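Below is one structure; the comments refer to it alone.
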Amino acid sequence: MPPTEAPPAAAGPLARTAEVVHDYFLGLLAACYALALLAPGPGAWLRSVELGARGAAGGVSLSQVLLAGLLAIAGVGIDPTRVRESLLRPLTLGGALVVKLVLPIIVVSVIAWLASFWAGWLPAEMLLGLAIVAAMPAAASCPAWTQASAGDVALALGVVVGSTLLGPWAAQFWLPGFAQAAGADPNIAHGISRAVLGSYFLLWVLLPSALGVAARVLLGPDRIARVRPALRLAGSGLLLLLIYAFAAAALSLVEVRHAGERLATALSLAGALCAAAFLAGWLLARSTRASGPTSAALVYSVGMHNNGVALLLADTVLPRESAVFLPIICYALVQHGLAGIVDALFTRAQHAAGGAPATAAPEQ
């Protein structure tokens with residue numbers, strides 16, 4: 001997770017606990033993957049819990065509800081006034097959104113083409129998982145990383161909101177077709193099409209996010225500041241729990257001797273996509289001769305994807321034990337690790353230029 005400002009001396013135990021969780025979040029993520037390999041039982045059980053009959057009207061999984069809650073918490077971190085500021089720079093915002101929406105098609109297609117030379121190396125369902133996470137909007141945590149690197153937070157928020165609104169529209173043109181080309185069941189491809197552009201996306205993605213934004217506006221900055229430690233801790237805890245549950249279920253049907261291999265393949269796929277996305281953000285900044293703050297916003301917002309939304313969409317159309325989930329959950333670890341490296345590079349550049357790095361105060 002992004003670095004955060006140090007808690008004040010009078011901070012309570014909740015704030016200190018939230019700070020510790022954020023400081024060691026990458027290690028906790030890695031521990032979740034290890035736990036999924038060694039003790040998948042509780043996680044697989046959590047994924048099996050249904051609220052109503054699955055497939056029936058009103059029937060949803062518990063993990064689906066928890067993911068919606070995670071999106072609502074992330075929505076509290078979106079400041080509408082900063083989003084409006086991003087609209088004052090339409091060319092920069094538009095360029096970032098175009099790259100964000102087009103890059104996934106290129107990267108996933110190239111990986112699929114390369115995989116075709118080694119039959120059996122890359123399971124089709126893993127390639128589909130990579131495509132799903134690639135089609136997702138910018139991660140809700142990228143504004144916090146942008147702020148940590150003294151970047152343009154308003155621009156990063158603009159890309160988050162813009163890609164969330166435009167992402168489903170863009171994904172409908174290639175993601176279902178790619179699913180079929182990758183060998184997925186036609187019903188799954190049709191389900192993906194309905195999920196990315198229909199009432200499901202409105203109800204389970206946009207509505208929770210909008211409720212979070214509305215809560216921020218109604219509560220005001222003072223109340224939000226008081227509950228922020230609880231929100232940070234809840235968001236981190238939910239994400240860790242869900243990563244463990246999805247990983248455990250996805251690995252539960254894999255032979256033990258192949259589980260590590262599957263996880264390594266998923267990490268490699270996530271690393272390739274993540275590196276390409278961060279590189280694209282950097283190239284966009286270089287080609288437009290962007291300033292330091294703008295460059296930071298472009299690198300993080302183009303490079304980071306919302307794997308929570310990816311899990312939510314995949315959960316509604318895929319079997320819970322599907323290996324499709326592995327690249328999606330691995331992307332969380334890879335993108336935050338790479339974001340930490342990028343932040344260190346930006347901080348070093350700021351020191352070299354004689355400036356002081358900003359102190360982040362993330363909202364989620």
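Placed from the backbone N, Cα and C atoms, the Cβ positions cover glycine too.
Because TrEMBL annotations are produced automatically, they should be read as predictions rather than curated entries.
Summarising the annotation, TrEMBL assigns transmembrane segment to 24-45, 57-78, 90-114, 126-146, 153-175, 195-219, 231-251, 263-285, 297-318, 324-346.
In terms of C-beta pairs under 8 Å, the stretch of 57-78, 90-114, 263-285, 324-346 lying closest in packing to the transmembrane segment (297-318) is 324-346. Counting Cβ pairs closer than 8 Å and at least 6 residues apart in sequence, the transmembrane segment (57-78) and the transmembrane segment (195-219) reach three or more and so form a contact. Only residues 6 or more beyond the boundaries of the transmembrane segment (90-114), in the same chain, are considered here, and those with a CB under 8 A from a CB of the stretch are 122, 127, 130-131, 134-135, 137-138, 155, 158-159, 162-163, 166-167, 170, 174, 178, 181-182, 269, 272-273, 276-277, 280-281, 284, 288, 290, 294, 297-298, 301-302. Long-range contacts of the transmembrane segment (153-175) within the same chain: residues 78-79, 82-83, 85-87, 89, 92-93, 96-97, 100-101, 105, 131-132, 135-140, 142-143, 146-147, 192-193, 196-197, 201, 205-206, 209, 294, 297-298, 300-302, 306, 309, each at least 6 residues beyond the stretch ends and with a Cβ under 8 Å from a Cβ of the stretch.
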